[in-house]
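Here the structure is laid out as structure tokens; the discussion comes afterwards.
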Amino acid sequence: TFCKRVRANDRDYNEKFQYASNCIMTSKYNIITFLAVNLFEQFQEVANTYFLFLLILQLIPQISSLSWFTTIVPLVLVLSITAVKDATDDYFRHKSDNQVNNRQSQVLIGGILQKEKWMNVRVGDIIKLENNQFVAADLLLLSSSEPHGLCYIETAELDGETNMKVRQSLSVTSELGDPNNLAQFDGEVVCEPPNNKLDRFCGTLYWKDCKYPLSNQNMLLRGCVLRNTESCYGLVIFAGPDTKLMQNSGRTKFKRTSIDRLMNTLVLWIFGFLVCMGVILAIGNAVWEKEVGALFQSFLPWDPPVDNFLFSAFLSFWSYVIILNTVVPISLYVSVEVIRLGHSYFINWDRRMFCSRSNTAAEARTTTLNEELGQVEYIFSDKTGTLTQNIMTFNKCSINGHTYGEEQHMARVQALDFSAWNPLAARDFCFYDQSLLDAVMEGEPAVHEFFRVLSLCHTVMSEEKSEGELLYKAQSPDEGALVTAARNFGFVFRSRTPGTVTTQELGKAVTYTLLAILDFNNIRKRMSVIVRNPEGRIRLYCKGADTVLFERLHSCNHELMNVTSDHLNEYAGDGLRTLAVAYRDLSEEQWEEWSEHFRGADKATDCRDDRLAAAYEEIEQDMMLLGATAIEDKLQEGVPETIAILSLANIKIWVLTGDKQETAVNIGYSCKMLTDDMTEIFIVNGHTVQSVREELRYNGDVCPSKCPPPQAPPPSLLESISGEFALIISGHSLAHALEADMEREFLETACACRAVICCRVTPLQKALVVELVKRHKKAVTLAIGDGANDVSMIKTAHIGVGISGQEGIQAVLASDYSFSQFRFLQRLLLVHGRWSYLRMCRFLCYFFYKNFAFTMVHFWFGFFCGFSAQTVYDQYFITLYNIVYTSLPVLAMGIFDQDVPEQRSLEYPKLYEPGQLNLLFNKREFFICIAQGIYTSVVLFFIPYGVLSHATQSNGVPLADYQTFAVTTATALVIVVSVQIALDTGYWTAINHFFIWGSLGTYFTILFAMHSSILFNIFPKQFHFLGSAHNTLGQPVVWLTIALATVICIAPVLAFRFLKLDLKPQLSDTKKRKPGASGSTLGRLGRGGSRRSGYAFAHQEGFGELITSGKNMRLSSLALATFASRHSSSWIDTLQKVILNSFNISQYTVFTFFYELNESFFI
């Protein structure tokens, strides 16, 4: 249903419909709304609301035994730190938005082209685009500087393909190239509403009482880049969030880690535990008041409004809720954010993730997901620009049974110098095998004919700006590489017209008559040209997939075909993209007869494509084999090694690409995801629901075992990859496989395979695949890509990684982490991710331990103080315990701790598995920490209580007073938790030493200061315990009590860890100090064996017909044509990043005692 109306050059008319502006906004706040919105968001957190509730309770004097500042100070601190972090994140979002929104466009206003920012472009505006500019909005192409209203675009940001595509304006508007004519254009477009379908557009143009149908071929979509076209004009149809690019971007989701979700559950459990303790103590208060307190009513009556023991118990309940609330201190959330911020800076400062070539450092764009990097099980990767550089190079070839190019891998071999004898040679072309150049110079006929095919059989356009300066404009990088190879070996393609091709062969200009182009398509997997040379001989030249072309060879080629097949298998084993090359001589009679059939098929009104295919098939027979080409689609540096190492870490990698199946499979072999040793590679290519279901079921039956259900523990790596299977599925099949009744079957089959490659998928399908795994596998997912077509899956995955590559910055802007090379992913996960998970888990275990040890003393004390809600410690100690006395040591451990050096993390990927299995912090580990904390509290209360009850000073005065007990218990607590964190620390730095021992020193300094006469004289009502610290800590029995309590608390921990290390050591224990350089556990990646075809050709149907029609040519003479466009060498500059100093935290000398403890037996 058409429901959108757009009138050209009429803003007033279009504004009536309130269409979206072209402004992109990913930020959440502005200066006015920040405070209110941010506080609203923060108080949606259960913990913050809980602490606000406690603050309100503390303001009620009848139930509060603590001052209000014990809660409001940490609460304000938490809210402030979180607000600053949120404001910083949003500032960078504003900055990114402004960078995009402030790009310049030329808008036609009042008949004059004016420069406008992208955000000021409106629906109905006519804008001018120039070569190599990004398209600002979804445009209807009106006219172009090229003939017949043609223009060329690159759609890498939309579908990941870098091969050029053609768009054409309506003939009725193609002549409106002048701004004055366009200013008078008042056509109205009625079209479909905004949607996410990249390959479809339906609409109608109404102009001058006529209507013209519109299709996707008339549209330029936002995110595309104008290529090889000097300029064009377009009418804005969709703007901003309505564009197809933004419709495919997916909704930004708030991402939380699994540890965050677990903590929320644990906090609710702890709150329930807190309520239970409050109820127990309230019941105790009721019993005590009724049985004992009633005896004191005459001289110690209840305070108003208490008038009975039940109401006293009710108030006592709330009092204990306030006192015991420190089991979940608010400082926990502050510390978590500080630790995550530190981990993010370590990622930003890591010099080993810095790319000097692009001057780009790794960037943690969020601070909330670092520990999740240590738990990833599935990686979903784009192909083009992520795994590959999208640079094609001519590496090897086989000509007449001889293979060339073997020597290029030898380090000492120099690249051939072509410029000495060929002034038209491309300077950036590299080839190393001198024997091929010698064969050309010696005039070997097969070699000459081979390169003649490459110089003639293509759809490349050539532009010659000045004499000898050639610029090739290829529809695909494959064709560009082949034509450039022929150019350097002396067969230079110079120019073409609709009926001729002009080359320069070894310095001699030769013009061939172009009789026919038999165009390429994905079914034929080949293309041919029929040409007449200057001597009048007619010859058909063909290149294509060896599996297709070999079937059409003359029988006399059998021996040569076998030799060439061996070469092709070798090339394919090296991961190269291969094509076979052949020719056929045609007599004049054969040509005339076939030409008649061809013209009849071309003019057919029904089944035209089938008739043309039959005509092509008729002439492409009995060909003579010349050889084969091998092109390398250059992988990014270190991709095969990275994939292999991540696989050893039990991480599954799925490739989701918009590219064609042959290309994706070929890259799969290059990356070593696919190998010749695999039992079977399943290909799902059905077009109907039934055919897809049958193929999935067949593949599922072949697989020996399906993946385990989500609740079952994941198997080890060797078990999970025992069946060497791979699954390759196309986009149209995936659309059916993702339906509700089939998605589980698809997922089970995919999980049983070692490698999964999804080809020809849309951006939205990428997101749906990620969502499917998230929903059913309950595993942490990571999506990595470099283009706008990857944004939706980056946003959907638990973790999104953007590659700052050649496809713009959309993926980086939507990502959580970004860097410039895929190989950095192994360091991000195996080093930073694993460490972040380890540190966060150790931090949380210790934090819950120390707070239960601190808080539960109040619970035990309640049974000895008449359940009166009296605190053991003074209120200043309660306030400072989590903020000053114990905060910095646990932060140092949470930020700097390591179990093994980074080299060991990379050498032994198995060390990554504990994070995937969530072994270091789970409900079981939580209860162990709580049990240890409760045990410590029992010791810290009853040992001092038992000793001091009967102890006396040297002068005979009893020590059994409240002040002495409070100081003794508090001092013992601080010492015990300090010793415990010293034992928990696995990697000592000067900062750890300073914080741990400095915190102890700070405690004693503040303790003596608060009990000094100076503060008592200034604030006599606030500091009651004058001299208590001096008197208490001056007694030897007190220190003996503290020492005894410390030993009883720590000794079981030491015994348990000794036994655990001896009986059940972890992998990290065995690899911590392994002597000598072990080298990587990753073996050398060997070359695969034989494979039938390495065919991959990123080409699109339709260019042959375009060339022979002449529509894409501007004729400058009868013989030659140049394809005029202004050349620009690069994309619009991507976002530049400020590179900080390298991250290098030194390990300092450690006290011998703790060093030996950690090296020997502590985890």
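Each residue, glycine too, has its Cβ placed from N, Cα and C.
Where the annotation comes from TrEMBL, it is an automatic prediction and has not been curated.
Here is what TrEMBL records for this protein:
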ACT_SITE  ASP382  active site, 4-aspartylphosphate intermediate
BINDING   ASP382, LYS383, THR384, GLU479, PHE520, LYS543, ARG577, THR657, GLY658, ASP659, ARG760, LYS766, ASN789, ASP790  ATP binding site
BINDING   ASP382, THR384, ASP786, ASP790  Mg(2+) binding site
DOMAIN    6-72  domain 'P-type ATPase N-terminal'
DOMAIN    812-1065  domain 'P-type ATPase C-terminal'
REGION    1068-1091  region 'Disordered'
TRANSMEM  50-79  transmembrane segment
TRANSMEM  266-288  transmembrane segment
TRANSMEM  308-334  transmembrane segment
TRANSMEM  843-864  transmembrane segment
TRANSMEM  876-896  transmembrane segment
TRANSMEM  926-945  transmembrane segment
TRANSMEM  965-983  transmembrane segment
TRANSMEM  995-1018  transmembrane segment
TRANSMEM  1038-1059  transmembrane segment
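Everything TrEMBL records as a feature, shown here on the structure.
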residue : record                                        : Cβ within 10 Å
ASP382  : active site, 4-aspartylphosphate intermediate : 29
THR384  : ATP binding site                              : 30
PHE520  : ATP binding site                              : 25
ARG577  : ATP binding site                              : 25
GLY658  : ATP binding site                              : 27
ARG760  : ATP binding site                              : 20
ASP786  : Mg(2+) binding site                           : 33
ASN789  : ATP binding site                              : 33
ASP790  : Mg(2+) binding site                           : 36
**Q.** Cα-Cα distance linking THR384 (ATP binding site) and ASP790 (Mg(2+) binding site), given in Å to the nearest integer
**A.** 11
Q. Among ASP382, LYS383, THR384, GLU479, PHE520, LYS543, ARG577, THR657, GLY658, ASP659, ARG760, LYS766, ASN789, ASP790, recorded ATP binders, what is the largest CA to CA distance in Å?
A. 33
Q. Going through 843-864, 876-896, 995-1018 one by one, which has the most CB pairs that fall under 8 Å from the transmembrane segment (926-945)?
A. 843-864
Q | Helix-strand-coil residue split for the domain 'P-type ATPase N-terminal' (6-72), DSSP-based | A | 31 helix, 2 strand, 34 coil
Q. Based on Cβ pairs under 8 Å, which of the stretches 266-288, 843-864, 965-983, 995-1018, 1038-1059 lies most in contact with the transmembrane segment (308-334)?
A. 266-288
Q.
Between the Cα atoms of ARG577 (ATP binding site) and ASP786 (Mg(2+) binding site), what distance do you get, rounded to the nearest Å?
A. 23
Q: Please work out whether the transmembrane segment (843-864) lies in contact with the transmembrane segment (995-1018), by counting C-beta pairs under 8 angstroms that are 6 or more apart in sequence and asking whether there are at least 3.
A: no
Q.
Counting only residues 6 or more past its boundaries, what in the same chain has a CB within less than 8 Å of a CB in the transmembrane segment (876-896)?
A. 66, 69-70, 73-74, 77, 326, 329, 331, 335, 338-339, 342-343, 839-840, 842-843, 846-847, 850-851, 854, 970, 974, 977-978, 981, 984-985, 987, 989, 991-992, 995-996, 998-999, 1002-1003, 1006, 1010, 1145
Q: Count, for each of 266-288, 965-983, 995-1018, the Cβ pairs lying under 8 Å from the transmembrane segment (1038-1059), and report the range with the highest count.
A: 965-983
Q. Looking only at residues six or more beyond either end of the transmembrane segment (965-983), which have a C-beta under 8 A from one in the stretch?
A. 846, 849-850, 853-854, 857, 872-874, 877, 885-886, 889-890, 893, 936, 940-941, 943-945, 948, 996, 999-1000, 1003, 1007, 1011, 1025, 1028-1029, 1032-1033, 1038, 1041-1042, 1045-1046, 1049-1050, 1053-1054, 1057, 1154, 1157, 1162
Q) Looking at the binding-site residues PHE520, ARG760, ASN789, whose Cα is closest in space to that of ASP382 (active site, 4-aspartylphosphate intermediate)? A) ASN789
Q.
Quick check for the class: what is the C-alpha distance, in angstrom and rounded, between PHE520 (ATP binding site) and ASP786 (Mg(2+) binding site)?
A. 29
Q) For ASP786 (Mg(2+) binding site) and THR384 (ATP binding site), what Cα-Cα distance in Å is obtained after rounding to a whole number? A) 8
